[in-house]
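Structure first, commentary second.
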């Protein structure tokens, strides 16, 4: 069976399209296709009146955490920044479904925080 030129060209184009892993305008990552596997940059979480922000409206330090107080309201600004922040301190694990990897709040106050909650943790003393 012989394939004519009019048939060969569309077949080659179809093969080319199917074999490439294209990144179209609607689904490209911000840094381009090669940026997908890069580690996302982080920065230390901002400071609040007596410690460090560990979540929106959550401020921890000096042996305590405050949630929703006027001192912790400044931490809401962290949500406006597109670069995610990381709580300073050693790694800890919470029993929080879907969000278990956290960090101890700096200062050895015995509190471990993940993105949306904090709890007393013996590893953080």
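Cβ atoms are placed via backbone N, Cα and C, with glycine included.
Cross-referencing 31, 68 with Swiss-Prot, the residue annotated as glycine amide turns out to be 31. When the disulfide-bonded residues 45, 48, 75, 104 are ranked by how far their Cα is from the Cα of residue 60 (disulfide bond), 48 comes first.
For the recorded site, residue 65 (disulfide bond), the DSSP three-state label reads strand.
The candidate set comprises the disulfide-bonded residues 112, 124. Of these, 112 has the most other Cβ atoms within 10 Å.
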